[in-house]
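Colleague: Please read through the structure below; I'll follow up with questions.
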Amino acid sequence: MNRIRYCFELVSVLFLMFTANARARGRGAIDFDVNYVVTWGQDHILKLNQGKEVQLSMDYSSGSGFESKSHYGSGFFQMRIKLPPRDSAGVVTAFYLTSKGDTHDEVDFEFLGNRQGKPIAIQTNVFSNGQGGREQKFVPWFDPTTSFHTYGILWNPYQIVFYVDKVPIRVFKNIKKSGVNYPSKPMQLVASLWNGENWATSGGKEKINWAYAPFKAQYQGFSDHGCHVNGQSNNANVCGSTRYWWNTRTYSQLSANEQKVMENVRAKYMTYDYCSDRPRYPVPPSECRWNQ
């Protein structure tokens, strides 16, 4: 009898913990309109689940996009995204940080569609002071079109880290002392769905099949974990304080375990690295030896 009572009480406790966690997750979901605003393709954007989810769509007439109301100088930015299914060659779904102007800074996640049955590419890139050309591509180890997956960008004074489902896949370190520019301008968080058929799939050889339009991508997770800064400023260094958790020593470099996990992912799933592209860069860019 005591054993039965114990089992019943244990199940009851676990149930209460589950429901409490579920409620906490519900309270943590932020409405899109709190931190973001639609910037283009207004008639191609649909708010779902009481504003907790946004669907971007693209047809022959237009794509769509949104951006954060605030500018940031550092932070940890995440978005849950489900990509367009079926034949999406030429279609680009994006999630990135960017400043404005010819000498802009930018930190990119771009998801490059493909023919049905072929893998979508996860492309990352870093622009600093207008200089990009730092593409690295990965094949996801899951189907990004059937469910939501979390994509994250850590940006602090020490490093930029790209995450997929909390797994680090790329690091770009701040090595300004070695003459390599590092993103330091106030940036906004941007998401978009657009026509990239001139370059996105097989170098632009595979064009969009409009018979599959409208293409749709869903976004969730509109919380705000960044240091707000004046968008008119050219300096985000005011956001380097360790009073922000993402700037503390813990996040100044990957742990030994994170480094090992990242190396494993890169060995198995990275399909292109600008640092290894000798026809393009006969001499590898100087930051490459620091970011392996």
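Numbering starts at 1 and runs along the chain as displayed.
A Cβ is built for glycine as well, from the same backbone N, Cα and C atoms used for every other residue.
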Colleague: Quick check: of E110, E263, which does Swiss-Prot put in the same xyloglucan site as Q123, T124, N125, G133, R134, E135, N198, W199, G203, R280?
Modeller: E110
Colleague: Mind checking which of C227, C275 has the disulfide with C239 in Swiss-Prot?
Modeller: C227
Colleague: Need one number: mean pLDDT over the domain 'GH16' (25-219).
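Modeller: Mean pLDDT across the domain 'GH16' (25-219) comes out at 96.
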Colleague: Spatially, and counting Cα to Cα, which of the disulfide-bonded residues is closest to E110 (xyloglucan binding site)? Options: C227, C239, C288.
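Modeller: Comparing Cα positions, the candidate nearest E110 (xyloglucan binding site) turns out to be C288.
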Colleague: Using DSSP reduced to three states, classify C288 (disulfide bond) as helix, strand or coil.
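Modeller: Where C288 (disulfide bond) sits, the three-state DSSP reduction gives helix.
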Colleague: Within 10 Å of E135 (xyloglucan binding site), Cα to Cα, which of the recorded positions E106, C227, C239 are there?
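Modeller: Those near E135 (xyloglucan binding site) - Cα within 10 Å - do not exist; the answer is none.
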